[in-house]
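Following: one structure in structure tokens, then a few remarks.
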Protein chains: 2
Amino acid sequence: MEGEHERTTGARAAEEHHADIYGEDGAVLSSFLARIGAAIADRDTLTLKHEVDDLHQSELGDLLEALHPEQRRALVELLGADFDFSSLTEVDEAIRMEIVDNLPNAQIAQAVQELDSDDAVYILEDLEKEDQDEILSQLPFTERIRLRRSLDYPEETAGRRMQTEFVAVPPFWTIGQTIDYMREDKNLPERFSQIFVIDPTFKLLGAIDLDQILRTRRAVKVEEVMHETRHAIPATMDQEEAAREFEQYDLLSAAVVDENERLVGVLTIDDVVDVIQQEAEEDLMRMGGVGDEELSDSVLSTSRSRVPWLLINLLTAFLAASVISLFDRTIEHIVALAVLMPIVAGMGGNAGSQTMTVTVRALATKDLDIYNAGRIIRREMGVGFINGIVFAILIGIVAAAWFRDPNLGGIIAAAMIINMFAAALAGILIPLLLDRFKVDPAVASAVFVTTVTDVVGFFAFLGIATWWFGVP
Amino acid sequence: MEGEHERTTGARAAEEHHADIYGEDGAVLSSFLARIGAAIADRDTLTLKHEVDDLHQSELGDLLEALHPEQRRALVELLGADFDFSSLTEVDEAIRMEIVDNLPNAQIAQAVQELDSDDAVYILEDLEKEDQDEILSQLPFTERIRLRRSLDYPEETAGRRMQTEFVAVPPFWTIGQTIDYMREDKNLPERFSQIFVIDPTFKLLGAIDLDQILRTRRAVKVEEVMHETRHAIPATMDQEEAAREFEQYDLLSAAVVDENERLVGVLTIDDVVDVIQQEAEEDLMRMGGVGDEELSDSVLSTSRSRVPWLLINLLTAFLAASVISLFDRTIEHIVALAVLMPIVAGMGGNAGSQTMTVTVRALATKDLDIYNAGRIIRREMGVGFINGIVFAILIGIVAAAWFRDPNLGGIIAAAMIINMFAAALAGILIPLLLDRFKVDPAVASAVFVTTVTDVVGFFAFLGIATWWFGVP
């Protein structure tokens with residue numbers, strides 16, 4: 001804090017600072033990129049260090065993503081020991097791997113020691129086993145043990161995401177002692193919002209939020225004000241489940257315990273926010289028929305990763321086509337059926353995907369359970385029936401007018417009611433069944449629902465037409 | 001903390017407690033519901049109070065959602081002043097409205113005073129203007145002014161979501177004075193993770209995280225350790241943008257300032273987590289063609305809210321149908337075309353929605369910007385071309401074999417390549433254009449993309465066939 005001016009314009013300074021790097025649209029400014037690019041071209045290390053010095057790790061991450069691959073490599077190389085490795089936790093996996101693969105293991109080992117353990121693990125976990133071991137072997141003993149422990153927990157568990165740095169005190173200390181300890185100890189974690197209370201064997205006894213410490217008189221004993229850690233997270237708990245605990249109980253951080261209830265780390269809300277984002281994104285991507293691809297993936301790997309979904313859809317498309325081929329003689333007589341049939345199938349598909357979207361999301365957030373499933377199924381059937389009638393009337397009138405044939409209007413109307421109802425049933429029952437059989441409904445629902453609406457739509461429309469017009 | 005046993009089993013106690021209410025599948029246990037239901041039927045207030053006393057607000061919320069509407073009303077009535085209003089922030093809007101509408105305004109006014117201001121605003125904002133005014137008029141002056149100020153900010157802004165309770169101190173205080181003040185003051189917010197530094201006119205000067213206070217000696221002045229609040233949030237900032245600030249800079253809380261840079265409130269990470277969830281959900285729902293509906297909505301309101309999307313899709317379906325009708329004479333001659341044409345359109349639709357999903361998501365997370373748009377467009381074109389060829393070969397062979405006509409195989413293969421390429425272009429360009437014109441790409445992309453893939457699919461397939469077979 002230097003000087004009155006800077007102080008009173010704190011809020012404005014934030015804006016200005018922000019404006020330094022990002023444009024109106026939230027993208028990194030091209031003028032900033034040009035400056036950095038020029039400095040890289042000139043191999044002007046001094047300017048580069050000055051430019052990136054003030055950047056938050058996420059800002060540096062955004063800069064890395066905006067640069068060309070060669071520039072990226074050159075920047076990291078030129079910054080050397082001044083390169084903030086924590087920025088690597090903020091970039092696409094492909095970019096992270098590209099940068100890390102390009103660095104000598106010794107430099108990575110050096111850098112990793114400066115990081116919080118959760119960030120270090122985040123960078124190390126994607127490396128080849130061989131590189132990982134080499135880097136770990138170059139670390140000091142305690143550091144190595146800590147990281148190894150995190151890495152030994154399965155991927156996507158609380159143990160993998162936890163930070164192994166935390167503040168823990170015995171229950172018989174006073175608040176005063178605790179505060180004095182924190183004033184003295186230089187090895188505190190960079191940021192923390194609660195401290196833990198443990199016994200000599202590291203068994204977790206409780207926790208105190210920092211605001212509680214600040215409200216309490218110095219003479220009071222820790223055990224008198226600590227609260228039971230009702231939300232201790234087993235290290236093997238899935239990160240998504242841990243995130244739900246955070247959300248449900250509005251936690252800022254939570255103790256992570258091993259199978260003997262010993263404190264091994266702390267999970268913090270910032271990691272959890274990433275998990276929440278990631279999980280919501282996963283559902284969205286899966287429903288859109290794409291897997292874990294990233295923007296930085298290449299053409300070939302993207303193309304390959306999208307083929308399986310298209311292949312499955314192809315099978316269902318042939319199934320639908322074979323339903324149509326059952327009625328080829330009818331279509332030959334009344335070609336208007338070929339014109340109108342995609343409407344019946346398509347509207348069913350859209351209605352089905354509405355119901356399915358609601359169902360998949362409600363299952364993911366646990367809002368849909370055995371207590372309301374019956375009510376929701378009845379509701380969706382009701383919606384399917386009402387919207388079926390609404391669109392049956394609408395489409396029936398248009399079709400009858402278009403082809404000047406009331407029969408055609410009546411037939412498409414009847415098929416619409418049937419298919420909208422089938423769409424509602426498929427949209428709710430298929431995700432529920434998949435969930436019951438432990439198949440992720442976000443991945444598999446869409447194929448099955450479209451299959452139902454295509455097959456039922458074509459069969460109902462062409463079948464009723466064949467029967468009504470009496471085509472042999 | 002009473003007694004050794006309870007202490008050493010902190011972690012296990014959490015598990016047990018949890019198991020009290022929720023089953024394996026995360027749903028509220030039916031045995032618990034039955035107990036509550038019986039107590040409600042007996043109007044056994046004592047048992048009810050005992051059962052819900054220990055519940056976290058979100059657990060009480062889950063219980064409310066699992067009960068029948070009559071039970072819900074009876075429970076709230078029986079609990080009376082003991083009903084924890086903050087649980088209303090954890091339930092569906094429809095359920096919240098149903099409960100609140102059923103309570104006298106005087107009781108709501110009483111309850112609202114006990115809540116944090118952000119929770120109070122959350123409940124009040126959905127009420128009729130009339131009820132809102134009546135409730136506010138029954139509140140003490142300062143409380144009323146605070147809530148009014150929040151409610152005066154537009155919906156979905158930081159000002160609406162902020163908490164107006166915060167700790168603020170002058171810059172010339174020492175850390176010791178600050179700690180003493182917190183020990184004395186009984187009106188501190190329930191939870192906080194930083195304190196703010198302000199001048200006499202409430203202008204924001206800086207902030208200090210609680211862990212920083214605890215590391216600092218008593219004699220040090222606040223202004224010496226405070227950091228500039230680089231991330232002060234204007235009260236009128238959209239909540240989604242505020243959430244992105246939290247995510248980018250890993251904030252736990254942030255000052256909210258008015259247009260004169262005066263501190264008016266604090267935004268906390270727990271509210272932001274809700275916003276993040278909500279926004280991710282919104283995107284998913286919009287892409288699935290559903291709006292802001294909730295599970296508790298009625299059949300009629302659900303049905304009504306889904307009609308507009310279906311109506312728009314109907315228009316595009318008729319557009320596609322009219323493309324088919326251009327070629328009705330060709331279909332009359334070669335009915336196999338009617339059988340195969342949905343495959344071309346459908347596969348294009350699926351490929352287009354893959355590209356679109358990736359694009360919409362990348363736009364939402366700001367991962368896609370002007371620096372990589374060119375590369376991503378080229379990548380998607382490449383993917384569309386490669387997958388077009390892959391599926392052209394596959395479908396061409398199957399179609400030729402099925403109808404024993406190599407011409408048909410060649411025609412459908414050519415149409416597939418064209419449509420998969422069109423799908424890729426539409427999948428990336430349509431969301432980008434919508435975003436450029438400030439239309440939410442999540443809402444509108446799907447319709448346009450499907451229109452393109454249907455129209456191009458039918459036109460290419462039937463057009464090539466007409467030309468090849470020379471149908472007049």
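Including glycine, each Cβ sits where the backbone N, Cα and C put it.
In TrEMBL, annotation is done automatically, which means it is predicted and not curated.
Remark: secondary structure over the domain 'CBS' (B:162-224) totals 19 helix, 17 strand, 27 coil, with classes taken from DSSP. Per TrEMBL, domain 'CBS' is recorded for B:162-224 (among others).
Residues or ranges marked as domain 'CBS' by TrEMBL: B:226-282 (among others). Looking just at the domain 'CBS' (B:226-282), the mean pLDDT is 88.
Tertiary neighbourhood of the transmembrane segment (B:307-327): same-chain residues 289-291, 337, 341, 345, 447, 450-451, 454-455, 458-459, 462-463, 465-466, selected by CB-CB distance under 8 Å and a gap of 6+ residues from either end. Residues or ranges marked as transmembrane segment in TrEMBL: B:307-327 (among others).
Feature annotation from TrEMBL assigns transmembrane segment to B:333-351 (among others).
Long-range contacts of the transmembrane segment (B:383-403) within the same chain, counting only residues at least 6 positions beyond its ends with a Cβ under 8 Å from a Cβ of the stretch, are 336, 340, 343, 347, 351, 355, 409-410, 412-414, 416-425, 427. If you look up TrEMBL, you'll see B:383-403 (among others) marked as transmembrane segment.
Among the features that TrEMBL reports, transmembrane segment is placed at B:409-434 (among others). If one looks beyond the transmembrane segment (B:409-434) by at least 6 residues along the same chain, the residues whose Cβ comes under 8 Å of a Cβ in the stretch are 340, 343-345, 347-349, 351-356, 358-360, 363, 368, 373, 376-377, 380-381, 383-385, 387-389, 391-393, 395-401, 440-441, 444-445, 448-449, 452-453, 456-457, 460-461, 464-465, 468.
Packing against the transmembrane segment (B:446-469) from elsewhere in the chain are residues 287, 289, 312-313, 316-317, 319-320, 323-324, 326-327, 330-331, 333-334, 337, 340-341, 344-349, 351-353, 356, 407-408, 410-412, 414-415, 418-419, 422-423, 426-427, 430, 434: each is 6 or more residues past its ends and has a CB under 8 Å from a CB in it. The transmembrane segment annotation in TrEMBL covers B:446-469 (among others).
Remote same-chain partners of the transmembrane segment (B:333-351), defined as residues 6 or more beyond its termini with a Cβ less than 8 Å from a stretch Cβ, comprise 320, 324, 327, 384, 387, 391, 395, 399, 403, 405, 408, 412, 415-416, 419-420, 422-424, 427, 449-450, 453-454, 456-458, 460-462, 465, 469, 471. Assigned with DSSP, the residues of the domain 'CBS' (B:226-282) fall into helix, strand and coil as follows: 25 helix, 16 strand, 16 coil.
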